[in-house]
Amino acid sequence: MQTAARRSFDYDMPLIQTPTSACQIRQAWAKVADTPDHETAGRLKDEIKVLLKRKNAVLVAHYYVDPLIQDLALETGGCVGDSLEMARFGAEHEAGTLVVAGVRFMGESAKILCPEKTVLMPDLEAECSLDLGCPEEAFSAFCDQHPDRTVAVYANTSAAVKARADWVVTSSVALEIVSYLKSRGEKLIWGPDRHLGDYIRRETGADMLLWQGSCIVHNEFKGQELAALKAEHPDAVVLVHPESPQSVIELGDVVGSTSKLLKAAVSRPEKKFIVATDLGILHEMQKQAPDKEFIAAPTAGNGGSCKSCAFCPWMAMNSLGGIKHALTGGRNEILLDRKLGEAAKLPLQRMLDFAAGLKRGDVFNGMGPA
């Protein structure tokens, strides 16, 4: 067994995952609708507002979706947040129908936590490269090879993979949960994001076996180009999501979830920020800190057709038209087998309970509830 100090590109598992193919990515981009003109967008938003009230529905959106959808969610009493905030909001809201604007695992998580609610999505084909790269059968076989290890999986996974896990985590609470498990002497299997897993392993010193998944957006950030950009803007604060490669994370002044990066952008006194995450977050950053400058971190070097192409094609598949379509006749509903949902809820609820304890400021054994 190699130690936590080993080089970040040495991982513990053979390449047995199903990688996200260029064909899948092209297919996703092909389904992205054109941005509607101002008049059409206004009409669609008005129609959706009526439908949300009529259906006793609430719109729950991720920071990475179209700004039009983010604004609509807030205008109608919904939520814009990271995956942890979305899950918590959906579980606590009284609406009988949740419209989840994000990627499929987010809709599944909402259904797992609220099986009695109707969960709709603008497009059921809005996937996630981490989910696609971690098929349940292969991941379960990997876990079976290490029965003495606690299985912790990122929220960016299918309901079937969650059901195989002991813990589900998001980037908002991953360090705290792994620190807690380490304090209990537990050894871990981590999946699917190898960069986030390696970052957590280096930060906590936990004994972790890593699955080799990655996010197609964050995996493209380039450390060398980011260093050059940072040299051009020495007064800028570098904000990095931990799904990025180690060479990028090491340049970060703040490393964390989308919510943590947003909070840093708003609360820190500096006026310039380089942002290494999906560019969808820039909308909320600019809204909350209009006096500050935000620079997209580079995803390509010299000769690249796009210096920063940090957009998730599946997030981009969410559209106002898709939301209207979902609400008209209840289309695009997330359906889960009852037993599968119950099994997946245990590790997911464990994370939410843990996060609630952190928020309350409970006394912890190590970093988690005793």
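Even glycines carry a Cβ here, placed using N, Cα and C.
Annotated features in Swiss-Prot:
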BINDING   HIS62, SER83, TYR154, ALA155, ASN156, SER171, HIS241, PRO242, GLU243, THR258  iminosuccinate binding site
BINDING   CYS128, CYS215, CYS312  [4Fe-4S] cluster binding site
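Mapped onto this structure are the features recorded in Swiss-Prot.
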residue	record	Cβ contacts under 8 Å, 6 or more apart
HIS62	iminosuccinate binding site	VAL80, GLY81, ASP82, SER83, MET86, ALA101, GLY102, VAL103, MET106, GLY280, MET315
CYS128	[4Fe-4S] cluster binding site	VAL103, ARG104, PHE105, ASN156, CYS215, CYS312, TRP314
TYR154	iminosuccinate binding site	LEU130, VAL168, VAL169, THR170, SER171, ALA174, GLY191, PRO192, ASP193, LEU196
HIS241	iminosuccinate binding site	SER171, HIS218, VAL255, GLY256, SER257, THR258, LEU261, ALA276, THR277, ASP278
GLU243	iminosuccinate binding site	SER171, ASP193, HIS195, LEU196, SER214, CYS215, VAL217, HIS218, ASN219
Quick one: which residues besides CYS128, CYS215, CYS312 have a Cβ within 8 Å of the [4Fe-4S] cluster site's Cβ centroid, in sequence order?
VAL103, SER129, LEU130, ASN156, ILE216, VAL217, HIS218, ASP278, TRP314, MET315
Would you count the other CB atoms within 10 A of the CB of CYS312 ([4Fe-4S] cluster binding site), including those on all shown protein chains?
25
Just to verify: the residue among ASN156, CYS215 with the fewest other Cβ atoms within 10 Å, which of the binding-site residues is it?
CYS215
Taking DSSP as the reference, which of helix, strand or coil describes CYS128 ([4Fe-4S] cluster binding site)?
coil
Look up HIS62 (iminosuccinate binding site) in the DSSP assignment and report helix, strand or coil.
strand
